[in-house]
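To start, the structure itself, in structure tokens.
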């Protein structure tokens, strides 16, 4: 063949850089043919050079490849066209390039291919193959050597092409990095293999390749997968610096496209993590972007390739970023996933903020997989009730988190960021309510709760957790704990796994105030419950933010914890402030949540210093069908003040009577039945205390509220009878 090579007018001086030609035919290809060897005036601007070549028995020609070696820094060759004529058959082939081969112009490549154009025959297209090269994560996997690739297909190859300029990274071939290149070549048909190598001939100049993926274009969804997972290093593995890679299985290989909305805020190098859930398992958290500054910016779509292990059919994903990241908010529009092997596409239309200042303040989102003709799992807002215990120092300021597990996966660790009902969360004896949005988990199996307080004293006493599928759902799952999460207490653990349990001793308490009662005026009501296994502490009902116990009102207090055994009586009253002239209590109803036992205490009594018997505390026995009801006594109390000097007292004096069935609680000896001025020197004062029968009396405790020297009281003795006319009496000497 005779070959004419026409160089354009604006081409740069050649500087004797060698030019090579390879011709491809149906039966094979030529070796690299050196053109213009030793001829310094060849391939200069605005010249046409003639060369005679022999292509051998390669059959009908279908493409050529021409290029130079860039020796002596040839700034660029602007090739206009190549014309070839077969001397025997006189067939002429014209290849109109009009392209630069330069490291500073066009696409920076110094090799070009062109297909043969024959009248009446289809012309092979020229493709821009997208080549994705994955450097491994092993130590020293990166390289600074000059690396190359040759792609082979059913119609020839690309020849060795230097991987010159990464399209997505400033520095290429770094540890754990994906680099993207473009190789322009005549369509190769189905790909068969790739050969990759480099020129690093010294120890330590090697390269660890994970895999190579080749697509026919940047927007092609299908790609050919060539696994490697080996060193190209003269001192490692088999010491080779070039490897032939065959197509491998792309099982579990997915490409992601993450689209960020136009109004999203700067990422500030924050890392995004993704977890994919399948019917058999889930992935570990997959880091996306890995802190790259141009990822997840407003109005962009970022592409990532991920490996999903054999987790079965995918049913949901979770995506988000870490609590504490320097990111004001990510408005995620959508996530698209495509499996390389099967071509299956899953799209997740989020259009939600992940932000501590937007939406529901959450920075993690879940979305179910949507497939045509299949039911879609719902996304629920789980209603979480977290109850902090009443132990001393039970509260915490640590960052607390929770993960809920069900028959369909888990929620992942979610920071319990914002209490829906309290300004300050996790306080002693407090109930905090949170919402966790997640794809439906099915039947709940367990929760894991923990916090980040790593120092003694930063712990938390967690009583229990209650979870419902929605705020208004009737069914709930109860997870008891009643243990410390503290590095300095219990077993020094700050994370616990809680299993479902039965509520024991949780009561809903309803208080009915009569229509003629006096407005409460900020008074506090206390309840004490007695059972055969002990009694409760004073339980304050209500809080300072809500008005309770108003005339005609019904107040309900849910889930009051009582571990007292079988209840036999209650005592209720208020704190006797001057502002509240009197409370007319109609009745108290108590219902146990697990057993649904219901107790009704019908008082219909005043608690006032100017009504009824002037007391502000009342007791009532439990009434159960076919069981004997404990009687209510008006214990008759005789108090003897001594006859010594200064024995009298003007302080508020109180008494608590103890018997085999509990006690009366501290009762103020408010009004002497027989004296205008009580507790005078040598005086006997009589009082009545109404209480459920205590059985045989065991002791009394008497005291007063004067705390200064000289304000005391000399008590000689106390006599208690079950009623004023009772013959039996109990003497309690003091003097």
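Each residue's number is its place along the chain shown, starting with 1.
Using N, Cα and C of the backbone, Cβ positions are placed for all residues, glycine too.
Remember, it's a predicted structure, so these values are computed and weren't measured experimentally.
As written in TrEMBL, here are the features:
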type   : residues : note
DOMAIN : 1-115    : domain 'PLAT'
DOMAIN : 127-246  : domain 'PLAT'
DOMAIN : 252-368  : domain 'PLAT'
DOMAIN : 380-499  : domain 'PLAT'
DOMAIN : 505-621  : domain 'PLAT'
DOMAIN : 633-735  : domain 'PLAT'
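According to DSSP, the domain 'PLAT' (380-499) comprises 0 helix, 59 strand, 61 coil. For the domain 'PLAT' (1-115), the number of residues in each DSSP class (helix H, G, I; strand E, B; coil) is 3 helix, 55 strand, 57 coil. Summarised as a single figure, the pLDDT of the domain 'PLAT' (1-115) averages 92. Just going by CB pairs under 8 A, the stretch in 127-246, 380-499, 505-621 that sits most against the domain 'PLAT' (252-368) is 380-499. Secondary structure counts, DSSP: the domain 'PLAT' (505-621) has 0 helix, 61 strand, 56 coil. The residues of the domain 'PLAT' (633-735), classed with DSSP into helix (H, G, I), strand (E, B) and coil, number 0 helix, 48 strand, 55 coil.
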